[in-house]
Amino acid sequence: MQRRDDPAARMSRSSGRSGSMDPSGAHPSVRQTPSRQPPLPHRSRGGGGGSRGGARASPATQPPPLLPPSATGPDATVGGPAPTPLLPPSATASVKMEPENKYLPELMAEKDSLDPSFTHAMQLLTAEIEKIQKGDSKKDDEENYLDLFSHKNMKLKERVLIPVKQYPKFNFVGKILGPQGNTIKRLQEETGAKISVLGKGSMRDKAKEEELRKGGDPKYAHLNMDLHVFIEVFGPPCEAYALMAHAMEEVKKFLVPDMMDDICQEQFLELSYLNGVPEPSRGRGVPVRGRGAAPPPPPVPRGRGVGPPRGALVRGTPVRGAITRGATVTRGVPPPPTVRGAPAPRARTAGIQRIPLPPPPAPETYEEYGYDDTYAEQSYEGYEGYYSQSQGDSEYYDYGHGEVQDSYEAYGQDDWNGTRPSLKAPPARPVKGAYREHPYGRY
């Protein structure tokens, strides 16, 4: 009853009616508002009209900001909280940067409040702070591309694990470093990479290593890692990856737990040389048989029918191509001239009496082929003994007596001169005098 007599409500009701019947059409959306939004169930008619009328009656009210489509739904109310307006991208970027800006001071404060005894936590916080200050976190999120045609150098780093857990008794560090560090120096020169041994157990003095590990110096932070080989390569992309592959392949050879391989043997020789111990003879500097060195003289063969060794030249024996095959040579006597038309003497005849020869002299080291070694087995005295026995049967000798001419043809094929395909016995012709005493009297 008091609300009906309330003058404020009466004035708002009258102003609402006058506004709805205004022909100028200043508020054309008044009748459409109830159709879009249903009235609240617990709000009184008078109060609601007064609020709506008061909102329409204020001419200085500004229009609401643009709202997204999700804000104008059936759940949106007139008297509810104002929705958040749309923001430009720059504003959203500033909102995202706020957590990063707060993250760095929080890390700094946490590092200051942390006790220095927490070594690992201090190292992690320091690394994270440096990463944010340098902006590496943004670089990690971005995609990296390699420009193979640019000559810009890049840096590659790899850590190769040393299998000390599988082979705890093998000294990998000593094998990689070598005597006085010469092995790893040569390895760096061959591969073109920077190679170093890092990690737990890389230092010889264990007490000093433990002290440096507890010191917290970032320079010795690698002592908290496992034992490994650190390889660094700097160069253009293609060359850098090729050098890294070559360096890893060479380092792999040093990670084989074998004390008898070539690497360890060379290190032992180098260590003995550095210590002043003479190098053991391994075929160097000792006279051995090879190119340019004469072989040791073999023992002199003894016995009948044993020829000189290969490559030896017996003094007085014929050289290849010097005399006609079948002729005999006496020591120190040149071969006699041959008579034209005379048949070649036969070297081997059935029933030749062989006289044992004295042992040959000591052979000389001379590189020559011993094709004519068999001619030294018989001498001229054998022929004299043979024909001296047969002189009692016949007083003279005829070339055609008891012989066949074909035998000369068969033997002539082995002539050394090679001028005639065959040697035929000439026909018997008279010689000065009826006959000779001996067919080989010219000897």
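Glycine residues also receive a Cβ, built from the backbone N, Cα and C atoms like all the rest.
Model, not experiment: these values are computed from the prediction.
Annotation comment: Swiss-Prot describes Lys96 (among others) as SUMO2 cross-link.
The SUMO2 cross-link annotation in Swiss-Prot covers Lys102 (among others). Other Cβ atoms within 10 Å of the Cβ of Lys102 (SUMO2 cross-link) number 10 in total over all chains.
Under the heading SUMO2 cross-link, Swiss-Prot lists Lys139 (among others), citing a large-scale study or a structure entry as support.
What Swiss-Prot records for Lys175 (among others) is SUMO2 cross-link, and it gives a large-scale study or a structure entry as the kind of evidence. For Lys175 (SUMO2 cross-link), the number of other Cβ atoms no farther than 10 Å from its own Cβ, over all displayed protein chains, is 21.
If you look up Swiss-Prot, you'll see Lys432 (among others) marked as SUMO2 cross-link.
Under the heading phosphothreonine, Swiss-Prot lists Thr33 (among others).
Marked as asymmetric dimethylarginine by Swiss-Prot: Arg45 (among others).
Annotation source Swiss-Prot lists asymmetric dimethylarginine at Arg52 (among others).
For Thr84 (among others), the entry in Swiss-Prot reads phosphothreonine.
Residues annotated as phosphothreonine in Swiss-Prot, with a large-scale study or a structure entry given as evidence: Thr183 (among others). Secondary structure at Thr183 (phosphothreonine), as computed by DSSP, is helix. Using a 10 Å radius centred on the Cβ of Thr183 (phosphothreonine) and all shown protein chains, the other Cβ atoms total 19.
Residues or ranges marked as omega-N-methylarginine in Swiss-Prot: Arg282 (among others).
Under the heading omega-N-methylarginine, Swiss-Prot lists Arg284 (among others).
If you look up Swiss-Prot, you'll see Arg291 (among others) marked as omega-N-methylarginine.
Feature annotation from Swiss-Prot assigns asymmetric dimethylarginine to Arg304 (among others).
Marked as omega-N-methylarginine by Swiss-Prot: Arg310 (among others).
The omega-N-methylarginine feature in Swiss-Prot is assigned to Arg315 (among others).
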Coarse DSSP state, helix versus strand versus coil, of Lys102 (SUMO2 cross-link): helix
Number of other Cβ atoms within 10 Å of the Cβ of Tyr440 (phosphotyrosine) across all protein chains: 12
10 Å Cα neighbourhood of Thr183 (phosphothreonine): matching recorded positions from Lys102, Lys175, Tyr440: Lys175
For Tyr440 (phosphotyrosine): DSSP state (helix, strand, coil): coil
